[in-house]
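Residues or ranges marked as domain 'STAS' in TrEMBL: 525-685. The annotation transmembrane segment is assigned in TrEMBL to 54-76, 96-119, 173-192, 212-230, 335-355, 376-398, 410-428, 472-501.
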Amino acid sequence: FLMERKTRVKINRKEIMVAKLRKSCSCTPQKLKNFLMDFFPVLRWLPKYRCREYIWGDIMSGLVIGIILVPQAIAYSLLAGLKPIYSLYTSFFANIIYFLMGTSRHVSVGIFSLISLMVGQVVDRELLLAGFDLNDDAPPASGDGSLQNDNLSNTTAFNLTIAGINAECGKECYAIGIATALTFMAGVYQVLMGIFRLGFVSMYLSESVLDGFATGASLTILTAQVKYLIGIKIPRSQGHGMLVITWINIFRNISQANLCDVITSAICIVVLVTAKEIGDRYKHKLKFPLPTELVIIVVATLVSHYGKLNEVYASSVSGAIPTGFIPPKVPEFNLMLRVALDALPLAIVSFVFTVSLSEMFAKKYAYTIRANQEMFAVGFCNIIPSFFHSFATSAALAKTLVKTSTGCQTQISGVISAMVVLLVLLFLAPLFYSLQKCVLACIIIVSLRGALRKFRDVPARYYVNKVDTLVWVVTMSASALVSTEIGLLVGIVFSMLCIIVRTQRPRTALLGQIQDTSFYEDDLEYENLSTVPKVKIFRFEAPLYYANRNYFLKSLYRLTNLDPNLEAAQRKKYEKKEKQHLKKGNHKTANGLGIGETTLQLVPKQIDFQALVVDCSSISFLDTTGVNTLKEILKDYKNLNISVLLACCNPSVIDSLKRGGYFGKDFGCMQEMLFYSVHNAVLFAKDQK
């Protein structure tokens, strides 16, 4: 039977577009109110805030995250190649802006190790191009961090035009200028992606690509911190192969290791890892996680200050951290042009991590987020802080897990965390002057445990899916051995190539009938399947398009053991020889047989089927080449008196076949060529003479 298709109502797309434009361009008080409430979700949920139910959980989680944020912000400034004060600014502004614009109740947005690394790589590259020395122990700037008040003792002074005045800029202000320009451009990209609804870009970053990228970047982060752990002074490597070059320099200079830094690092790592393991083991009994990082920083600062580790043992310290806020400044337009390309992968990675975490926790706690609004939120978390000497931000998994485990209910906790950071910014920052850099490196390295543990999951990942494991290995290797940006690009391209290859060479099978049923399965995969006499059932498990056309035909000919073109050519060859013999009056054929016996010899081998059923259940679409391929096999097998029947075609495939003329002009033979199940096609083939 032939099912009747529904008649589609023609849609006037022009009228729909005009109606949408009128609706979007109209301005009414209610629409303006809805726009503001959508753009600032805090206006929707804050009036409904259940103070008695939520407040204590938000305060507790906010305090804990604030306590964790301070040491992490100071530590991650090493990754970004910037002074600690800028990391504190970033943590403060990101929490406030996401509180106003974010739709997730739980994610912690702020400074993130991978984003800090990507910012630091761009900053280091531009500093080198400008002629600055990347030595971390160069004399610190004595000014307030503005462009006009920077110490020029660190080699080159770079000229920038500010409000029409040519001003000289030293290393520190040029570094933060690059970082703010990069952050501004990343935010602009994210807002534009939100306006044009380009969130689908994140779909091309699979879980394997993201995990591989995070693990490869973690290896790069770990490598960059080793010199601080052992207190050696080596140049900060730049460009491709940074990981290998850095390790070569480390081993060349290992004899210069600072014994004080080595001992401090060993003690800090043992304490931090032990505390983390205890926290993980007894987390169900602890009401909030142990503030180990804060305790380590406080104790290490006191020991360094009173033990005079910098003066006596030449241990590298953080240096002066000013209090208060530096006056806001517009990011330099000329610098934006230099880093515009670098900002694109930064924008995508920042958005993907934020949205994926938001969706994960929204699903866990049964509420919804708006991915497009998240794009705007993280975009403005980059644009606005860039005017206040901050750099790029993203949601971070570790802090978000801590936030939820300590009772977080809403983004009020983010405001509490911002207040803790503000307290440090206004009053406590100078107290960290004597904090050793090796302690900060220990905090960074221990925070990478989660990403580095992915290596333990490789066997399980390989067991589940070998292709995904290969994507993970390639992305991780490229991110670590080449660069993070190249690694991300390689991961995306390689994962797409894997998909293309899997559709180019998909599984193919001849099907047999499950005994006493109307179902059919792969004859090579299952036992006790019965073959259908005079019928071959072929299944192709992929879309049929230009890239896999040849593989489709080769697989069909190989499994059916019949190439219709070759068979037709051989028949023509025999017929031609027979005609030549008959013209000569020879009653014997070319094979030395009588004319009556010729019929058996025209075909070199016996064809054991009279119908070919193509199971199209796995063919999701056909392009023009795919339609022509099916028309070709229909014609070729028809010349051998073999009928071709299609089964289980979806409506899209049927429409493509109709438009391609597969069923003829009037579709008269359609019900004899198309069937809604394999079994119906087999029954029809059996009834044929």
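These residue numbers are counts, starting from 1, taken along the chain as shown.
Cβ coordinates are placed from backbone N, Cα and C, and glycine is handled just like the others.
Panel annotation: around the transmembrane segment (410-428), residues 42, 45, 49, 54-55, 57-59, 61-63, 65-67, 69-70, 73, 85, 88-89, 91-92, 95-96, 98-99, 102, 104-105, 108-110, 323-325, 403 of the same chain, lying at least six beyond its termini, place a Cβ under 8 Å from a Cβ of the stretch. The stretch with the most CB contacts under 8 Å to the transmembrane segment (472-501), chosen from 173-192, 335-355, 376-398, is 335-355. Same-chain residues lying 6 or more positions outside the transmembrane segment (212-230) and placing a CB less than 8 Å from one of its CB atoms are 78-79, 113-114, 117-118, 236, 242-243, 246-247, 250, 254, 257-258, 261-262, 265, 316, 349, 437-438, 440-442, 444-445, 448, 451-452, 454-455, 471-481, 484, 487-488, 491. When Cβ-Cβ distances below 8 Å are used as the criterion, the transmembrane segment (173-192) is approached by residues 80-83, 86, 119, 122-123, 126-127, 130, 132, 141, 145-147, 150, 158, 160, 198, 329, 331-332, 335-336, 338-340, 342-344, 346-347, 350-351, 375-376, 378-387, 389-392 of the same chain, each at least six residues removed from its ends.
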